[in-house]
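Visitor: Structure in structure tokens, see below.
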Amino acid sequence: PALPGLPPRLPHPPAPPLTVFCPQLGRYSALFLGVAYGAKRYSYLKPRAEEERRIAAEEKKKQDERKRIERELAEAQDDSILK
């Protein structure tokens, strides 16, 4: 029933079929796409990170070896006969 002075109400348009089928289709689609993107990005970045860790480990070994040699040289200079 329309109120006096107001135009009559029109019926609601029919809902699109996808929203009737699954109201949260957009949300789950975005979630799935995000997971797929994350997996692809992880598989792309993982080898690079492993290579960076390998290089950092090699550099640390070299640096530790340099420090050990410097320490031995310093000890050798301190261990003189003239003490």
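Count begins at 1; order follows the chain as displayed.
Backbone N, Cα and C atoms are what each Cβ position is placed from, and that goes for glycine too.
Got these off TrEMBL a minute ago, pasting:
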- 48-79: coiled coil (COILED)
Visitor: Who are the long-range neighbours of the coiled coil (48-79) in its own chain, taking Cβ under 8 Å and residues 6 or more past its ends?
Guide: none
Visitor: Averaged over the whole of the coiled coil (48-79), what is the pLDDT?
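Guide: The answer is 93, the mean pLDDT of the model over that range.
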